[in-house]
Amino acid sequence: YSAVDTNPLSVYIMQPIWNQIIKIVPLWIAPNLLTFSGFVMILFNYFLISFYDWDYTASGTSPGLVPTWVWLFSAFTTFCAYALDSIDGKHARRTQSSTPLGELFDHGLDSWATSIFVLSFFSICSRDNGKTGVSVYTMYIYLSIVLFNFMCSHWEKYNTGVLFLPWGYDISQVVLIAAYLLTSAVGVEVWQKPLLLGYYITDILVILLIGFSLFLSFPQTLYNIHRAHLKKTLKNHSLYEGLLPLVSPLLLFVLLTVWVVLSPSNILAKQPRLFLWMVGVAFSNVICKVIICQMSGTRPELFHWFLFPLALVVYAAISGLLGWTEEAVLAVFTALLTAAHVHYGVCVGMQLSEHLNIYIFSLKKRVQE
């Protein structure tokens, strides 16, 4: 495993903090337990916010509907998850328990957590109510860009063998924590007033996100791959092999976008939380396959298996075959996809655990039969 972190925020500010926090972690705790604890915290926080704000309208129509303590709790869980995700690797090296299982566990959960962070944040700014908020289509594009950046990092590692940690990660975590604290201190109304030159805070954040993606993150990915090509250190020397991991994610985005744009019942507007959750789970499963391939030096499949049932669902939806059942079909498909993703993660984790003769959540060795 090889990673490079050049972000000044991470190197000069956050890393010294993590180096102090890691000292209080008992040596008997397994690194994967730290990783999983952080994921469970953000998952619990997501469901808590969903309870108060299922359709992303609470902050725009009833500013006091989400209690202040929820935003404080969100800041706390986000910081804890950020910290645990940052120290799990340090703790693994500290306890001499670094394994491929730990790498997959960390990055696999990160691929899912990335979307959950974004979906929780949307409750702060709320959906467009005609006066303030952001449209559900902006939410979809925002989420897609974030997931695209995450995917690029692992596509880059698939080709170069090195994970160049994106600058946006640490910045986004700090901004997210600050946003929750700001909201708890002054209320959601701060997001509903122009901040600068008529632009709202959410507008500025979207502009920064697109700017970071188009002019920093993606160009840096291409540059690192080009540099590896010049140094003759690329893992894949054919263009086909190098671009193969991008096929399924791009097809997934196309299918989802077709559903969003051509849905007769405007499914994204009717069930934004459910649809965006499905988007996050789908991308996570695709990215997990890429992570496993780059770890094992194997070729990713050209078409991910669930692109076929998704294509059938999308066709049935946009052709009108589903009719009034479109929302119900979305709910069932999302539940099945989530269950399949969890099942996949559990199975891969157990297989690696048995193969490496280790436990997932314990530092004890397995007793070989």
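Glycine residues also receive a Cβ, built from the backbone N, Cα and C atoms like all the rest.
Keep in mind it's a predicted model, so treat the numbers as computed, not measured.
Annotation comment: TrEMBL describes 24-48, 68-84, 136-155, 197-218, 239-262, 274-293, 305-324, 330-352 as transmembrane segment.
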Folded-back contacts onto the transmembrane segment (24-48), same chain, C-beta under 8 angstroms, at least six residues removed: 70, 73-74, 77-78, 80-85, 87-89, 91-92, 94-95, 97-98, 101-102, 105-106, 109, 112-113, 116-117, 119-120, 359-363
Cβ pairs under 8 Å between the transmembrane segment (330-352) and the transmembrane segment (197-218), at least three: no
Of 68-84, 197-218, 305-324, whichever stretch has the most CB pairs under 8 A to the transmembrane segment (136-155): 197-218
